[in-house]
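What TrEMBL says about this one:
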type	residues	note
TRANSMEM	12-29	transmembrane segment
DOMAIN	90-334	domain 'Sulfotransferase'
ACT_SITE	99	active site, for sulfotransferase activity
BINDING	99, 100, 101, 102, 103, 182, 190, 292, 308, 309, 310, 311, 312	3'-phosphoadenylyl sulfate binding site
DISULFID	293-303	disulfide bond
C-alpha cells in the first residue's frame with residue numbers, strides 16, 4: 001500500500017512539473033513572438049505624441065475626404081467625436097520668407113498624409129490685435145486633424161516682425177521652424193512685382209524698382225526699402241536665434257523647389273521626423289504653367305494659383321549688380337550660421 005501511494009505521489013509531481021515547465025516555455029515563446037512583432041522604427045517614435053492610439057498612415061489617404069468636408073464646415077459634431085478629430089496648435093510653422101515660395105512649400109507638404117495645413121495665413125503672432133485674442137482663438141483657426149498628425153501654418157511676415165520670436169517661444173519652445181529662401185535680389189524684385197501688380201489693379205502709379213532700391217541722394221542701396229530689408233536674411237535670423245537653437249530651423253531652397261521639388265521635400269520630411277511618403281508620383285510638371293503641380297491620388301490634382309510665377313519687370317543691370325554686391329557679405333554669414341550654402345552671386 002505504501003509503495004502504491006509513493007508511486008501515485010511521484011506521478012502527480014511529474015504532471016505538475018510538466019505543466020509548470022510548459023507554462024514557462026509558453027511565456028518565453030510568447031515574449032519572443034511579441035519582440036519579433038515590434039516594428040524596428042515605430043512611427044510613434046519618429047513622431048512622438050501624447051495620444052496612445054494612432055491611425056496608420058496608409059489609412060489616412062482614405063480619410064482626406066472627411067478632413068476636406070471639415071474644412072468646408074460640412075462635417076457634423078458626431079463625425080468629429082466619432083473620428084477623434086481635434087484642432088491642434090501647429091508643431092511646425094513656415095515663418096518666411098515672403099516671395100520665397102511659402103505657399104508652394106505649404107501645399108507640397110500637404111501631400112504627406114501626416115500633415116494638415118492651415119489654408120489661410122493666420123497672422124496671429126505678428127498682429128497685435130489677433131495676438132490679444134489669445135491662444136484659444138489661434139487654436140480655433142487651425143484645421144481639424146487626427147491626433148497624431150502635424151498641423152502646419154505659414155505666415156511669411158513672422159520672419160521679419162520683431163515681436164514674433166518671443167511670442168512663438170512662449171507658445172512652444174521646441175517648435176520646428178521652416179524658412180524658405182531665394183536668391184536675395186531675385187526675391188526683392190519678386191516682392192516689388194507683387195506690390196506693383198496690386199497698384200495697377202487699383203489704377204495707381206508706382207515708382208520703378210530702381211528708384212526704390214537705390215537711395216537717390218547717396219546712390220547706395222536703400223536699406224529702408226522693405227523689399228531690400230527683407231532679403232537681408234541673416235539680420236532677421238539672428239533675432240530668432242536669441243530664442244531658438246539653430247537645430248530647430250530648416251532652410252529650404254526656394255529656387256530648387258521650383259525646378260526640382262522632391263529632394264527639398266524629402267529633406268523637410270526628415271527634419272519633421274516624418275516617414276517618407278511624398279514621391280515623384282505626387283509631383284508632375286505642367287508645361288503650360290511652367291511649374292510643378294500636385295497629384296494627391298488618381299482623381300485629385302492641384303496646381304498653384306495663377307498669380308504664382310509673375311513675370312518680373314526689366315531691372316537696370318547695374319542696379320542688379322549693386323544689390324548682389326550689397327547682399328554678398330550677408331549671404332556668406334547666412335551660410336555660416338545655417339550650414340547651408342547656395343550658389344548666389
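Placed from the backbone N, Cα and C atoms, the Cβ positions cover glycine too.
Feature annotations (TrEMBL) mapped to structure.
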{"residue": "99", "record": "active site, for sulfotransferase activity", "Cβ contacts under 8 Å, 6 or more apart": "156, 182, 187, 190, 191, 194"}
{"residue": "101", "record": "3'-phosphoadenylyl sulfate binding site", "Cβ contacts under 8 Å, 6 or more apart": "180, 182, 252, 254, 257, 258"}
{"residue": "293", "record": "disulfide bond", "Cβ contacts under 8 Å, 6 or more apart": "283, 284, 285, 286, 301, 302, 303, 304"}
{"residue": "310", "record": "3'-phosphoadenylyl sulfate binding site", "Cβ contacts under 8 Å, 6 or more apart": "190, 193, 194, 197"}
{"residue": "312", "record": "3'-phosphoadenylyl sulfate binding site", "Cβ contacts under 8 Å, 6 or more apart": "186, 189, 190, 193"}
